């Protein structure tokens, strides 16, 4: 792929999440550390997923099954991360810039979400991006005018942003007792699962499949952003 | 979905779904004392959109109005691969590479990339004003310099050819406008520069050459035995445009098969009473008679050979386990046993396959005994050939035009009076429709009957000439007949199927075997497939000592060879073949140009060629991708800045 395409894909996939990271939390050491910690937990989940994938030989090529248990494990680690975070929450708030702000927890969730988003998009897309430095292009089987690297770049970008909103909603869910909490946790799990399966369209040979992928993910992003925003507004008032 | 491929890494899988690796027969860069010929591709390769020009209209349309945007890799049927068309294509500046299709369906009736007087500057008529132009069809493409890569493909490269055809079909369906389009990348970077002396000094070239073979059943042959030598010779390979494409079916293999069959027939007959029968297979003859001139000049100097440094151990200049002399490096000195003054007769087999007259053999299939002059001994030789054969098939060409390009010239240059005949299936200049062409392949219709009949005449004549009072056809043993079944088998093996049982018996290998009669480079101890087969086969035919069985040469006594699982000793030897203008330093093994007026062909070194097919998107699409990426990134930065500002103002968060 020529250099133009390489940079196009690079900016598409990583531009938004990296600018979020740099502009919004880059100046705050505490949040950066939190983001890195979240990224580490996501990596742990990837380790477990890989071990499972390696052990369950019959399901190695059944992507639908792999997607299902990998979503479950990622969500599980989101909870484990939250659990450990909650033990340290008091301390984190006390050393934050504005300990009295009602939005500290949201900003922690936001930073953690960025960590989750960066690391997941980096690991899932960088091989494809690296392979595009040659002259040839893998053409998307579902959108035959577009390269696979570009459609996957769009999907990667949307997934990374989804992780940010999911972390916001999930923190609210974990921290809210009763049905309201469970609804949020369930929403995050369901939309993560839906997003994972929506990406299958991209690599399929269904006509305009890449467009379906992108549209589904976009819809999920809007829905989860609204959900997260709603909770944020509630807390602010 | 990507096909399951356990064991392949993600990157490999991705590579395999993006690229189709093609088989390449590149045109390489060759250099002589004064300059370069052949092709070059930019370092790190060059790519172009695959573009087919199946008809005259397509070709003219491309030249008149080349498609805008991007460079093109032209799939050119060989009939368009001529100087005028190449010049016009280059002028469009839209051609980044050419893939020549050597398809049987599109082959022209006559074609030759060689010059009209091949090898003439190195032959016995060199320097004469009026040399016979033996190849008037020659377009001289071999001698040009190209700054673009030129590769060849043919339907026999199944997957490569069909992949390229599919690419053309797909690209042309969209009128070469609808992206994504198929593109190929060529990478055949040649390390050489300027000319042979420079390149050899820098170590980026190797001499074009190989090993010639000489063989005789008279293992006790000596300079002083005063017995006449009847020499039967042929060339082992042809000169071609592309590196690994040609078989040289007519130009080389027909003669090699003929000579092997003659040797086989003579090995079954009683040894003639007076003469020595010497078989010679010369390598790299197309390159200034590299094989025959070096052999003959060494034989002539054999009487006065002095070894400056005796061989003691393996050195870079003489990398053998055992050798007769370290400086000059000589594997053996057995060639000095051949007395040049005893050379009585030269019988050379040129192209004898009668490719223009496919079987069955009939009276119109004539052979021609070319001679330097129609002197009495030469005429008598032609008569001897006729009287010994089963049918009077051999004619002396009607007009006196001298010898065609042939190894015999290397000997007659110094001794024009030796009795000789160069046997060919063509009579006059221009009769041979393909000369040193890459088209000289499996599709050339050749007749094993033709090869067998001339081999038979030659074998019987040679035996008769080596017999006391012979030459008149009397006394030839009735059992002395060439085995036509063997001729058929050998032709099939050396042209169609080098992995056939007969070849496997003599050159045991599990490696896949490529095309064999293209040119090669001279490298100590390295033989191409044809050479190693001919060497082993001749060794077996002329061996005089046969001992126990063996698996490798290590199981045999010193000096013996392990051929077809048996320890043998005989007088079959390899002889270095590279241009006479080149000299090897015996200490370092480095070649230098010694005499720029003689043959000095060297080939550039190159890495394994990369030739791959892939899809590309349009420039517009690529720019769109970049715009989307930039807008998303800049948008995200703007939104976040705005969000941070808004939050800081109203929310008072961290």
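Note: Cβ is positioned from N, Cα and C throughout, glycine not excepted.
In TrEMBL, annotation is done automatically, which means it is predicted and not curated.
Under the heading transmembrane segment, TrEMBL lists A:6-25 (among others).
Residues 21, 25-26, 66, 69-70, 73-74, 76-78, 80-81, 85, 92, 108, 111-116, 118-120, 123, 167 of the same chain lie 6+ residues outside the transmembrane segment (A:32-55) yet bring a C-beta within less than 8 angstroms of a C-beta in it. Annotation source TrEMBL lists transmembrane segment at A:32-55 (among others).
If you look up TrEMBL, you'll see A:67-85 (among others) marked as transmembrane segment. Taking Cβ pairs closer than 8 Å, the transmembrane segment (A:67-85) reaches residues 34, 37-38, 41-42, 44-45, 48-49, 52, 92, 108, 112, 116, 120, 166-167, 170-171, 174, 188-189, 192-193, 196-197, 200 in its own chain, all 6 or more past its ends.
Residues or ranges marked as transmembrane segment in TrEMBL: A:106-128 (among others). Within its own chain, the transmembrane segment (A:106-128) has Cβ neighbours under 8 Å at 13-14, 17-18, 20-21, 24-25, 28, 31-32, 34-39, 41-43, 46, 74, 78, 81, 85, 89, 92, 138, 148-149, 152-153, 156-157, 159-168, 170-172, 231-232, 235, counting only residues six or more beyond its boundaries.
Annotated transmembrane segment per TrEMBL: A:148-169 (among others), in sequence order.
Long-range contacts of the transmembrane segment (A:181-200) within the same chain: residues 63-64, 67-68, 70-71, 74-75, 78, 155, 158-159, 162, 166, 169-170, 172-175, 212-213, 216-217, 220, 223-224, 227, 231, each at least 6 residues beyond the stretch ends and with a Cβ under 8 Å from a Cβ of the stretch. TrEMBL lists A:181-200 (among others) with the feature transmembrane segment.
Per TrEMBL, transmembrane segment is recorded for A:206-229 (among others).
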